[in-house]
Amino acid sequence: MVTIRADEISKIIRERIEQYNTEVKIVNTGTVLQVGDGIARIYGLDEVMAGELVEFEEGTIGIALNLESKNVGVVLMGDGLMIQEGSSVKATGRIAQIPVSEAYLSRVINALAKPIDGRGEILASESRLIESPAPGIISRRSVYEPLQTGLIAIDSMIPIGRGQRELIIGDRQTGKTAVATDTILNQQGQNVICVYVAVGQKASSVAQVVTTLQERGAMEYTIVVAETADSPATLQYLAPYTGAALAEYFMYRERHTLIIYDDLSKQAQAYRQMSLLLRRPPGREAYPGDVFYLHSRLLERAAKLSSQLGEGSMTALPIVETQSGDVSAYIPTNVISITDGQIFLSADLFNAGIRPAINVGISVSRVGSAAQIKAMKQVAGKLKLELAQFAELEAFAQFASDLDKATQNQLARGQRLRELLKQSQSAPLTVEEQIVTIYTGTNGYLDSLEIGQVRKFLVELRAYLKTNKPQFKEIISSTNTLTGEAEALLKDAIKEQMELFLFQEQVEKN
């Protein structure tokens, strides 16, 4: 018979009591009432907060957006096909955040910062909230450094500064993405980190942009965030905020960043879809009442930081698509009122062969002129004035049969100036090359040439100046001014190249 010793039993009980861990865990849970169309309605989750992440039984993550008296409306970050009615959901106590690091450069990722380029995982030790508050007034300083796009029409007449928000607006197929990608290509060697956010685009279009950037060596300083047209609305809505969080990471590390949102119309449509499915009351054009806040809180994150914070910057180029040139629609007017100016691309100009199809008359930059270098200011003022007068005269000349000599000369000059603004895609020009081009046009050196010869002459002039007068570039880049010496060099180069060009043309004719 086994004898039970009381002291042994009490010893075992004492050991067990010592090992007992009195950890009490409270989990905020709920039950799925209904699921479908990327939306789930949850009963319970009493303590959940707006914007909090919730986790479903089978692993899908969602964001609690509607906090109602009887249920919680959750948008799903995924298709949610495996979620079943009656399954449990738990609140995570976290809001959406993504990992951030230098390793993201040259990669293509989705809205959750997961790589989608098949080049393996991205290592990151830090993370950042997708929705961070924008810098306050004291944290900023006014824009004063230029961000060159490499496009003559923009850098001369609608200049952009580091930390500015400049809207690119126009109909479909007018070259909006081309303007944005050319700007990325022009940042090579400028120590600017670029983030390109593609929202609701065709996968083939995004692949084309990535290929262009890779071929030109621009991917090494670029991050592409892509959520294509077949992605869930929630991820299309989040993608711009993910891009902004990545750009902010570099901005707060005293770096300069450029972010392109292509395009915010698609993000607004994704948000409208989510809101209508959540049964939020629709407003103008069926968009929810807070669609302005959707874009303002995103674009306010672009800033030029104060010297105390290291003078980093984040320049935003949001793109908005219009329907047959209607700038007074809801989303275009909202974004125009948030940004510091807009570049308007016209379908008529595009079809007339003027590319980039920038309508200089209604495009503005509200703060960029403070960032323009002096040399560009010296030549660009005259260009804008002459083009404005030309546009007025051209409209008038359609009705007048006989025009006096002065008017004919002005029309001829205007046509040549319009010609010098044309540029091929993926061929950005340096500031020095732009100054040469504008100076040649506004000072009448192109008036003697046929319109068809203008671009050929300018290409040859830029090459001639680069080879034979390298000191011109040195003067401009060191002083940022078109000095008397630089102007003399330029005049000599134009004269020499013009003689050579006319001689070559004569030889070709014969």
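Each residue, glycine too, has its Cβ placed from N, Cα and C.
Note: G175 (ATP binding site) has non-local neighbours L345, F350, R355, P356, A357, Q425, i.e. same-chain residues 6+ apart with C-beta under 8 A of its own C-beta. Annotation source Swiss-Prot lists ATP binding site at G170, D171, R172, Q173, T174, G175, K176, T177, citing sequence analysis.
The feature site 'Required for activity' is assigned by Swiss-Prot to S363. Sequence-distant contacts (6 or more apart, same chain, Cβ under 8 Å) of S363 (site 'Required for activity') comprise M157, I158, G341, Q342, I343, F344.
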Original post:
Near Q173 (ATP binding site), which residues of its chain come within a Cβ-Cβ distance under 8 Å, counting only those 6 or more away in sequence?
Top reply: A347, F350
Subject >> Additional residues surrounding ATP, by Cβ distance to the G170, D171, R172, Q173, T174, G175, K176, T177 centre under 8 Å >> reply: E321, L345, A347, F350, A357
Subject >> Among T174, T177, which are binding-site residues, the residue with the most C-beta atoms within 10 angstroms of its C-beta >> reply: T174
Original post:
Counting across all protein chains shown, how many other Cβ atoms sit within 10 Å of the Cβ of K176 (ATP binding site)?
Top reply: 25
**OP:** Could you say whether, by DSSP, G170 (ATP binding site) belongs to a helix, a strand or a coil region?
**Re:** strand
